[in-house]
Amino acid sequence: MNQRYSIYGLTKDRLAAWLLDHGHKKGRAERVWDWLYRQRVTDFQAMDDVNAECRAVLAEHFAVETLKEHTRQESVDGTIKFLFQLQDGNLIETVLMRHKFGLSVCVTTQVGCNIGCSFCASGLLKKSRDLTGGEIVEQVMKVQLHLDRKGRGEKVTHIVVMGIGEPFDNYDNMADFLRVIQDPKGLAIGPRHITVSTSGLADKITEFADSDLQVNLAVSLHAPNNELRTRIMKINRAIPIEKLLAAIDYYLEKTNRRITIEYILLKDVNDGKEHALELAELMGDRLVNVNLIPYNPVDEHAQYQRSAQESVLAFYDVLKKQGVSCSIRLEHGTDIDAACGQLRSKQLKLPS
Ligand code: SAH
Ligand code: SF4
């Protein structure tokens, strides 16, 4: 199969530089960008105010469409799960969620995940490859094009990088993705409307703090001490809580932006009042919001169950009483397995 590079992987500056290199005026990048992200055409030939030679050279080197919609499932609450086939045959998942504040898209960054957390469906499959920046952008574009076809004028307003994969293990492509979707002349999704979630790769958190990427950060903590965290997330052996907290503190100091601390409540594992107290102590007066996540059971991880509603509320109350800002995550699309942490790349290759 002829695999061409996705045009969506280029930031506007790189597109301009590429055009210049190929004998075209840099300024054409603005027109091409507008066609891609505002008019949202998927064929270079449709860019009819771009010179024909320029369209031809773009079409020769780039593809607009590299993902194929394989299936689409819609939940009773309006959540839509898309399964896309990549050019190499791998399958990935992307989810659209409806909220009072807008429409968010949860994107996948890798095929599989090497972090292998003990509760997660995505980590059941080892990473077979990173997604390119273009493949991550295209997930958002495909969802936006789906909304465009509905003709209600709906727009993707928020992005969560919480699908399959560890985004900080694919840092450069993730950064390109963030730059493309934020471009004010394109999708123009504001940095405060974008959240990247990491299992806690401390060095990358530091790099992120030093970068110009001003998007929100969420850290998957899930336990208040090393013993328990290592049991739940084996990455904690290499990057224990002290190291993670040092990176978090560096980030807070540098950016002064509130971090979301994700904490899945697992019945009789990490959901006791004593854990809540320990967590409150660990967080201290840091600028964080603890987001309590109801666990979505995964067949292959039968050792974990969802906490009872009373335990969730009791945990929440303890944190509040200790002065820790916290919230309970609302669930979306549980009837179609689109809920957080339920995505799994089938990794099955279809005949192409
Ligand atoms: N790899 C990154 C981002 C993808 S996972 C990370 O781990 O942060 C996004 C969030 O979903 C993480 O907080 C993860 O811990 C959570 N998650 C994974 N499996 C889950 C499940 N079965 N139920 C609820 N949340 C889950
Ligand atoms: Fe990977 Fe995140 Fe799942 Fe852990 S929770 S296995 S880091 S996707």
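Every residue gets a Cβ built from N, Cα and C, even glycine.
The S-adenosyl-L-methionine site recorded in TrEMBL includes GLY165, GLU166, SER220, LEU221, HIS222, ASN296, and the single candidate from SER197, SER311, SER325 that the record places there is SER197. Taking the C-alpha positions, the distance from GLU93 (active site, proton acceptor) to ASN296 (S-adenosyl-L-methionine binding site) comes to 17 Å.
Here the binding-site residues are SER197, SER220, ASN296, and the one ringed by the most other CB atoms within 10 angstroms is SER220. For ASN296 (S-adenosyl-L-methionine binding site), the nearest neighbour among the listed binding-site residues (CYS113, CYS117, CYS120), judged by C-alpha distance, is CYS120. Sorting the binding-site residues CYS113, CYS117, CYS120, LEU221 by the number of other Cβ atoms within 10 Å puts LEU221 first. Within the set of recorded positions GLU93, GLU166, LEU221, ASN296, GLU166, ASN296 have a CB atom less than 6 Å from some atom of ligand 1. A 10 Å cutoff on Cβ-Cβ distances gives HIS222 (S-adenosyl-L-methionine binding site) a total of 26 other Cβ atoms nearby, all chains included. Less than 8 angstroms from the CB of GLU166 (S-adenosyl-L-methionine binding site) sit THR109, GLN110, CYS113, ASN114, ILE115, THR198, SER199, LEU201, each of them six or more residues away in the same chain.
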